[in-house]
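Engineer: Here you go, one structure.
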């Protein structure tokens, strides 16, 4: 007791209740009831010092301890010296009390509001309550920095904290077990000379395909086995490495497990997720297939690419899980870590343009340095190929199938990516199958299970620790200084298998893939796998949120917002194209003004009307050609569209609608430049109504042309094919438009083309708008009709005034028709496949022999399964000689063993090699000559039009 100030500690039991909105604390004695039942009041043991200074009662609170998950005992407080208790009453305790009051106020909110708000703690400044959707870029970056400061060291700690919070309230994370049983996949291909890429074969294949479709002629394609009788289990919380030599069927297996197998392949067997067939859920959204090819939009940055992917895929079951987590924590009186709570809430709310998950992925994959760099492509400099490979799925999928993700990456980067995935899979109960080509030993050690595939058959599937044991059981041993992954991919090769033969006392006999697969069935790992496959998965153990049944991740409104956002962003990045088109129209309009100058344009005869009609025809050509750029721009984005369409990011119409709607304002500007520059200078009818009607008509024609070329691009799917069809379509439209060939001169069997030509309606409408004007209303001599009507009848045009609105209506109808066909083509057409490689009859016979050999030895497989784990010696003696590919005599066994090279090594030396090409001076003069020649051609063309 401090006798100088007369302060004596007094222990008082009371309730502490925060007064929301006032920033004060209401202290009630224990005898008083709480203000309301169920309030977030806590009974605290508080030391109150009373001091009478200047006739005023002063009350101080010392060493107030707040309870987070349980009530604290008061004995610890009173063991301290009273003076020390009051000396520790500092700013830190006041901030803790303020944080507790803010959290208590947050807990009073309903669950749906509580999930949208969090407590933001920053290094500078006080803590504050914040709306999750209003988190800025700097706040998200600081949040990720506090949670994961160094990705290699702190990522696992962060995931463990996240898992600990979920386990503390008894929530179970969804898990997915993938099973595939007796998979058989075949393709059909031409063999021998018919597989050669010749013009004759191309035409013959199309003709035979058409006859085969009509069931007139049987197909001459031969079945090519890719996977044969493949069975296995991909377990959750385990990393599975898929190994195999090239053309062994790894990509086909991953596509089959992810539900993305091509329609042109014949499939038999069964693939299940947690015992449910593929038809019971949406596998494209339940799992994520990551291809080995880089398909990205080069004009977007890395952050924008990942953000768009996250917006389209949504949050999955994360929102429902967080809501249940918040309810359980509130009932258990648990206060989570503020930063962790803020991250989980930000990751669970959909509809955000930028998500905190994107920043987290950029952090752990080492992409922060290039997050705001353009991805780039062949024509645009961007990030490196290795950085493109680090673009991972940021969606809610829990099963990952990754195909050759290490291509283009160094070993350290591959190790970092695989290690991050391993931590996520082990802690958050994910499922992953990763195919790697020659992984480094340290990367190989990160995996739990190994699946070895060769010639379409599984040779081994099981724990990594037992794979060498199996091959030692077969008589092959991995050298000490040899990587295990390289050994596994070479031990089945005809050229490399002999060097790994362990028993030198026995003659080496090549072991085929069939024999490896058969021996694995009798190996103890194979028998255990067979027993697990024989036991069906208990569907009652499947988590309700494990499998996704919705086709798209977010609702239609959010999908449209995301697609509109990306299209608008791409338009800004490609603004040079639109500016160039505007300048091009400006120059062409200026040339047209000087060519058809009104001082030399008369309205006296029918010939004068032909000159005006030529000017209008040239206007129509320029407006239509201005939309030709849509063809190439659409084709450039098609590969990315097909990838995201197959992953169910968005439907085809959600992609096509923004490309149409957002181009309309640009059409207003482009057409406005042309009409405002040329209308009065050329000398069209000086009537404001007819001026606006021509402007509106050209708007519709420009939109129709853009939609037409977008449709041709989606139909062609290749820049060469689309340009060919686009030029042909434009030529057909121009010829049958009514200017080059009059309606009266069109043959009867071509009249249907005249009526179907969009150019005809536009040409007739713009002619009616001009030639029915006041400037053409005078009646020439020897005629009872106006000059405008007389001229239109002479050129086969319809002279009635309502044909303007018929032309406008038809053009608008074509706008909707071509945009609709554009969306239909995007939905139902697939990209052109790769050209078939030349397949010889011998190679097909070898692959077929493997398959037929398996079918013959089915009974022996069952017998070997019953015999159990026999020695390899008895296994070798049971094989037939016909199944062996080669044998070696005892003399050949005495040769020096080592790497068998399929070629004879040679040495090449070179010294001081120089290579240079001088630029010929005549090239400059040739370029100037061509330029002058083109200018003369243009001038000659203009003179012909005027005549």
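Quick reminder: no glycine exception, Cβ is built from N, Cα and C everywhere.
TrEMBL feature annotations, pasted as is:
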- 211-480: domain 'ABC transporter' (DOMAIN)
- 576-597: transmembrane segment (TRANSMEM)
- 609-628: transmembrane segment (TRANSMEM)
- 660-682: transmembrane segment (TRANSMEM)
- 694-713: transmembrane segment (TRANSMEM)
- 719-741: transmembrane segment (TRANSMEM)
- 802-826: transmembrane segment (TRANSMEM)
- 922-942: transmembrane segment (TRANSMEM)
Engineer: So, does the transmembrane segment (802-826) come close enough to the transmembrane segment (609-628) to give 3+ Cβ pairs below 8 Å, pairs being at least 6 apart in sequence?
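Structural biologist: Touching, no - the transmembrane segment (609-628) and the transmembrane segment (802-826) miss the threshold of 3 or more Cβ pairs under 8 Å.
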Engineer: Count, for each of 576-597, 719-741, 802-826, the Cβ pairs lying under 8 Å from the transmembrane segment (694-713), and report the range with the highest count.
Structural biologist: 802-826
Engineer: Please compute the mean pLDDT of the model over the domain 'ABC transporter' (211-480).
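Structural biologist: Averaged over the domain 'ABC transporter' (211-480), the predicted model reaches a pLDDT of 87.
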Engineer: Apart from its near flanks, which chain residues at least 6 from the ends of the transmembrane segment (802-826) lie with a Cβ under 8 angstroms of it?
Structural biologist: 641, 645, 652-653, 655-657, 660, 693, 696-697, 700-701, 703-704, 707-708, 710-711, 714-715, 758, 761-762, 764-766, 768-769
Engineer: Same-chain Cβ contacts of the transmembrane segment (660-682) under 8 Å, 6 or more residues past its ends?
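Structural biologist: Here the qualifying positions are 564, 567-568, 571, 578, 581-582, 585-586, 588-590, 592-593, 596-598, 601, 612, 615, 619, 622-623, 626, 630, 691, 694-695, 698-699, 702-703, 706-707, 710, 819.
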